[in-house]
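Asker: Let me begin by handing over the structure; questions about it come next.
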Amino acid sequence: MTHTYKIRGMTCNGCRGHVEKILNLVNGVSKASVDLENAEAVIEMENHIPLNVFQQALKDDGGRYSISLTEDVKATEETGAETPAEVYTEPTRRAGITYKIHGMTCNGCRTHVEELLNSVEGVSKATVNLEKEEAVVEMDNNTSLQTLQKALADDGGSYTISKLGDEKAEAQHKAKKEAEKAKNSGPGTYYCPMHCEGDKTYDKPGDCPVCGMDLVKEAKTSLSPTQYTCPMHPEVISDDPGACPKCGMDLVPMEADESEENKSYKALLNKFWIAVAFTVPIFVIAMSEMIPNNPLYDLMSLKYWNWVQFALSIPVVFYATWMFFERAYRSIKTWNLNMFTLIGIGAGVAWIFSLFGLLFPNFFPEQFLTESGTVHVYFESAAVILTLVLMGQVLEARAHNKTNSAVKELLKLAPNKAVRIVDGKEETIAIDKIEVGDKLRVKPGEKIPVDGSILEGQTSVDESMISGEPVPVSKEEGDSVSAGTINGSQSFVMIAEKIGSDTLLSQIIEMVNKASRSRAPIQKLADRISGWFVPIVVLTSVITFGVWAIFGPEPSYVYALVNAIAVLIIACPCALGLATPMSVMVGVGMGARNGVLIKDAESLETLNKIDVLIIDKTGTITEGKPSVEKIGASQDVSEEEVLQYIASLNNLSEHPLADATVKYAKEKNTEFLKASNFNSVTGKGVTGEVNGKKVALGNQKMMDEANASLSEEIKKEVSEEQKKGKTVPMLAIDGKVIGFVVISDKIKASSKKALAELQEQGIEVIMLTGDNHDTAKAVASELNLTNFKAEVLPQDKLAMVEKLQAEGKKIAMAGDGINDAPALAQSDVGIAMGTGTDVAIESAGITLVKGDLHGIVKAFHLSKKVMSNIKQNLFFAMIYNTLGVPVAAGVLFPFFGLLLSPMIAALAMSFSSVSVIANALRLRGAKID
């Protein structure tokens, strides 16, 4: 039987041959033929082979290529008929089929989807991977995809399941996400700063349902429409800039609403001052008991002053700090015990004990009673504890507001209006009214409104805000410009190519937001400790009460109660929980300001452990802008004829070297000949027919494959140029090499210094290139690199990464092209040059905006500083809790007679969290150049 499938990911004939080879190796395949032009594979098989077997074969090869059903089979599937892969039933249990799952946001979602799939009749086992958004489903009997889809749809439709590589399902899911994003664009997106549920977000402000921390608002990545008003008549509001209809003055942009963080901070501050206003009198009344001949007792007895303390404590407990008790209740209810659990229990016990003592004084033993017969109350302890904790929250909110300042600074870069040219006339429009293809005028000193390229004029642009480099960059016609960068002293006209959330600025903000919410592996340690921390503290508090009640001095029960409360109050699991995310948030923001974009916290942490850096030559070490230096020809042909054949064949290619020769030929006014049967051979060159003659262009391997004869004279000239570090493709016509072209690609000015600095840090640097050995050796020699490998194919780069990883080394890979993508994805940390392809950038964990090797040095410095800061925070948090809890329990009392008041414990606890955030903020001033 024969089936036709769709193949995606092929870019050249080398890809075609590689995919064909993989498919032919699949057990049961008689013959597989791959068509590059139609992107299809025709597979003959002895018996039916499920689609997922071919998918797994390509996935095991690195995942660069994918295979799916052709349109005719998809059509039958849409009409309700099952595809052959689904109809086929094996007599025994089917191997696990991998599906794509959409809609999961946390581990709870993963568990829920796994339970739903396992409940489907016929499914023997389903395993869901949250990180990959995939499910592997094993079946006893054949179960169709529609059955699985229905199971998830019946659950509410929050999750969907589809085949791997199903672009239609991907598009539908993306459209659904965009619709939800648009729907929620008003209130914004909120997340927990401690990332209790991973990167899960909420559409309303409030408390984290797990830890009780205030949710933080994520900065919007797309620009919201700006409204305009008149300085003289504020009642005039317009969606577009222009003149005021009342007085004629130019309308100005309205000030943005106050940030969510500032609102939260001010609300906490107001509650704090209310708490202080009531807590101070309570504290004064309570402390006056120690004054001989207390004058307050002349006004009324202690019993009534206790009732005054109770009355004054009500606004503190039930208004200013009531949120702590709500969070404590929620944490106990969900059994996600945290700092607020301890505060709620500690302060709550003190307050309830005092109220009970007021109402039922005769119930208590004598040692709890004062000389006047009243029970000793602790309203001042409860009020002071809660007020000090609230003060800590205020300071924390203020400090936290600064941790994501990088995103706020990036948002400020976005202009709110632009000048559009329509039919030769200029008009000022709001930024959200710009469409792709619009011509825009950018005047000197103005911010560039969107991403695009220059149509008319030349200028210099300050790109420091996104690249971190202070020197302005010269721009001329055809050069690209980015939104938010600042034009120099000359005006120019540009065409809009990317707008809204597609601009580089918006993508940077999106990446920073996502990376800030991601979890570093080191945080798992803190999470494990925090999981046991609160129960251990509560147990310690109970033991403390028991030990003091049995062995403590009189009044032993009073000592027991006070010390047990102090233990609960001083412990601070939040300091542990905040240690990692605060440093990551600040570090990711600092990286963005310096042109180093971090995709996730794991990449940032792993970079600190790297042993080997593998770098691609073209576009990474070199500028990636090849240019023709000269044409070489044999004695019986002219250089013009050699150039004509080279350019005519290369005119069908999209390779950067081909573009360089075509551009050079056009500058020389070369007449292009008719070319056909073009074929690209990965790592070797290209072949085809030009003017009816068989032509081959490429390296020595290409000449050998074409069986082309090579004269000693040309061989010598080519070798001399290669030893200078040049790339020299040779031209063969009808089996004879008649000439060559010398192409140079300048080494970036920063490459040598950057690589030397990395080697000084003990990092082994290996250069890989598809060029010949002589060219690679010349470049390596100039850069003082001893490790390099020439004539490398894309699969060789991947094999090199895997080989080094098998030796136990941590590998970072830096590249910029599609052929680097598999190695970038396989490496422990992939580093993409911002000047490279989208595929390379998508495969990498770190992107360098400028595409400069000095950015790698910055990334390594950033990783070291962030990890050092995280370890400092964890150390502070661990030491604080390790020492604080025993001191609060009273271990110093037998030796020094020292006890820790619960009020002092509350102060220490508040400042422990603040100190962690303050230490993280120190990163903002760190130098990573």
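Any Cβ shown, glycine's included, is placed from N, Cα and C.
Just so you know, TrEMBL annotations are computer predictions that nobody has curated.
Below are the features listed in TrEMBL for this protein:
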DOMAIN    1-66  domain 'HMA'
DOMAIN    95-160  domain 'HMA'
TRANSMEM  272-292  transmembrane segment
TRANSMEM  304-325  transmembrane segment
TRANSMEM  337-360  transmembrane segment
TRANSMEM  375-395  transmembrane segment
TRANSMEM  529-551  transmembrane segment
TRANSMEM  557-580  transmembrane segment
TRANSMEM  874-896  transmembrane segment
TRANSMEM  902-921  transmembrane segment
Asker: At an 8 Å Cβ cut-off, counting only pairs 6 or more apart in sequence, do the transmembrane segment (874-896) and the transmembrane segment (272-292) clear the bar of 3 or more pairs?
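Answerer: Answer no: the transmembrane segment (874-896) and the transmembrane segment (272-292) share fewer than 3 Cβ pairs below 8 Å.
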Asker: Three or more CB pairs closer than 8 Å, sequence separation of 6 or more: does that hold for the transmembrane segment (529-551) against the transmembrane segment (272-292)?
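Answerer: They do not touch: fewer than three Cβ pairs between the two stretches lie under 8 Å.
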Asker: Helix, strand, coil residue numbers for the domain 'HMA' (95-160) per DSSP?
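Answerer: For that range the per-state counts are 22 helix, 22 strand, 22 coil.
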Asker: Can you name the far-off residues of the same chain, 6+ from the ends of the transmembrane segment (902-921), with a Cβ under 8 Å from a Cβ of it?
Answerer: 339, 346, 350, 380-381, 384-386, 388-389, 391-393, 395-396, 399-400, 402-403, 562, 565-567, 569-572, 574-575, 578-579, 582-583, 585-586, 869, 872-873, 876-877, 880-881, 884, 888
Asker: Quick test of the contact rule: Cβ under 8 Å, at least six residues beyond the ends. What residues does that give for the transmembrane segment (375-395)?
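Answerer: Same-chain contacts beyond the ends: 214, 265, 268-269, 271-272, 275-276, 278-279, 282-283, 285-287, 306, 309-310, 312-313, 316-317, 320-321, 324, 343, 346-348, 350-351, 353-354, 357-358, 361, 364, 368-369, 558, 562, 565, 569, 901-903, 905-907, 909-911, 913-914.
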Asker: Counting by DSSP, what is the helix, strand and coil composition of the domain 'HMA' (1-66)?
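Answerer: Per DSSP, the residues of the domain 'HMA' (1-66) fall into 23 helix, 21 strand, 22 coil.
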